[in-house]
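Undergrad: Sharing a structure here in structure tokens format.
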Amino acid sequence: MARKQNRNSKELGLAPLADDTSHAGPPGPGRALLECDHLRSGLPDGRRRKDWSCSLLVASLAGAFGSSFLYGYNLSVVNAPTPYIKAFYNESWERRHGRPIDPDTLTLLWSVTVSIFAIGGLVGTLMVKMIGKVLGRKHTLLANNGFAISAALLMACSLQAGAFEMLIVGRFIMGIDGGIALSVLPMYLSEISPKEIRGSLGQVTAIFICIGVFTGQLLGLPELLGKESTWPYLFGVIVVPAVVQLLSLPFLPDSPRYLLLEKRNEARAVKAFQTFLGKADVSREVEEVAESRVQRSIRLVSVLELLRAPYVRWQVVTVIVTMACYQLCGLNAIWFYTNSIFGKAGIPPAKIPYVTLSTGGIETLAAIFSGLVIEHLGRRPLLIGGFGLMALFFGTLTVTLTLQDRAPWVPYLSIVGILAIIASFCSGPGGIPFILTGEFFQQSQRPAAFIIAGTVNWLSNFAVGLLFPFIQKSLDTYCFLVFATICMTGAIYLYFVLPETKNRTYAEISQAFSKRNKAYPPEEKIDSAVTDGKTKGRPEQVSSSTLDNYVKNRIVYMDDLTFQET
């Protein structure tokens, strides 16, 4: 009987819950029969289709378009107008000082312009917990558009104002926007999605980063905005995604987990579940809502507390490793060689920007492929396989670059190697680290976890930009062996440590790490004062909420119904 009750409680995740949440009692008999019919006849494919509600799609697309898209766009948008921006720096300097700018000073100013984006990203990451606690996930994303719009106006007006400092400050502010976006957006998507599609929805972040990179490359073509007279408009375009998000996201609710566990607003949380999952699917979140019974008086964990907590030690280490490998795997270094490799392959210099679009296209297609298969293959194969393939192709690229003058067809192999590295990265390592950060931690730990992940991400980004020129100068084409080693090290670590998180609840993922951590979260510790024979040593969960009572009554009622049928 106990085994049967446990099984039916889990099967409740397939039954509709949302149409009647106004009272704590069980639903009517006729309704329960219909729901049990749904339990018996529901097909996995049908459930998967229902998971993708219109509201969920709009929230993910609007959230990503105004957030991760802008991050990707700002990674590539400065490449095409580089000569014109440097000329603008020189003209501004000469107008103020009466002499041309020194080449070393120009190089320094340009390096600051590019790298200050990462500094702003770090600042934005450190602001996440403070802003997110007050505003929540959705309103933090909305407020973040203020940074994007102000940065766009500064950068777009810098030429007209004759002040290159406006461009530098704008890049810094845009970095703040990116730091907040890459922490809050994955959190938001993770918390509004059912576990069956949490990976696919989380991959939207990476897909829109790639689309942003591709858009920056496309708009930077001379036929569009990549001309001397129009390059400021490349930065003005940033306003468009921000405005789209401001006009669409307010009509959607905040994260139901945030509303329930942090704001303790059960009515709004239930409505949020209904909006995102559809009324027939709200009960899919019952298993995750049960977490609220343990975390009713939730207190956000600080970064220092999370780093010290023994029961999440390996989760934290794994997030640090994956985020460090995400930036240190060498993808940014690939762009340094792209133009020269395309040139050696016989592509005319005027055509190289158009051929470079293929790299952005490969990025986008690989990210979309990952989003389509992640719930079938899982996180482990895509992440470990992605790093492993990158190590293999980096080794191949080292050989082809070393021998590229030996035969006319060798540079074409280098092009294939570059595209293969990009595809390997975007099919797994390009997005899954953000998904794992959201999946590894409970509600109270998640903001601190994203601060740690974001800090590692942006510091690693800055380190690559700072150190790669010296590595390249010292090792030349052999520099890619350094990145191959990093990728292989990451793949080996993840092979032995990373559990599969596909289709698992947050509690199940935490349990998967418990043996390795050799410690359990405080709420899982046994308290003999509140245990009895029925709970077998586990703490009895006391709930006073309307939602918990409703779920409890519903489970009992459906168990009785199933018992009568048998």
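Using N, Cα and C of the backbone, Cβ positions are placed for all residues, glycine too.
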Undergrad: Where Swiss-Prot splits the chain into topological domains, do Lys129 and Thr477 land on the same side of the membrane?
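TA: That fails: Swiss-Prot puts them on different sides.
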Undergrad: Which candidate in Asn74, Asn503 appears in Swiss-Prot with the annotation N-linked glycosylation site?
TA: Asn74
Undergrad: Let me know the most crowded of the recorded positions, choosing from Asn74, Asn90, Ser514 and counting other Cβ atoms within 10 Å.
TA: Asn74
Undergrad: Using Cβ atoms only, state whether the transmembrane segment (479-499) and the transmembrane segment (317-337) have three or more pairs under 8 Å that are 6 or more apart in sequence.
TA: yes
Undergrad: How big is the gap, in Å, between the Cα of Asn74 (N-linked glycosylation site) and that of Ser514 (phosphoserine), rounded to a whole number?
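TA: Between the Cα atoms of Asn74 (N-linked glycosylation site) and Ser514 (phosphoserine), the distance comes to 40 Å.
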Undergrad: Using DSSP, how many residues in the topological domain 'Extracellular' (162-171) fall into helix, strand and coil?
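TA: Result for the topological domain 'Extracellular' (162-171), in helix, strand, coil order: 8 helix, 0 strand, 2 coil.
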Undergrad: Measuring Cα to Cα, how many Å separate Asn90 (N-linked glycosylation site) from Ser514 (phosphoserine)?
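TA: That separation, Cα to Cα, works out to 59 Å.
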Undergrad: So what's the mean pLDDT when you look at the topological domain 'Cytoplasmic' (129-140)?
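TA: So the average pLDDT across the topological domain 'Cytoplasmic' (129-140) works out to 88.
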Undergrad: Name the range, of those listed as 52-72, 108-128, 317-337, that has the largest tally of Cβ pairs under 8 Å with the transmembrane segment (416-436).
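TA: Selected stretch: 317-337, with the most Cβ pairs under 8 Å.
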Undergrad: Need a quick answer: max count of Cβ pairs under 8 Å to the transmembrane segment (382-402), which of 52-72, 201-221, 232-252, 355-375, 452-472 is it?
TA: 355-375
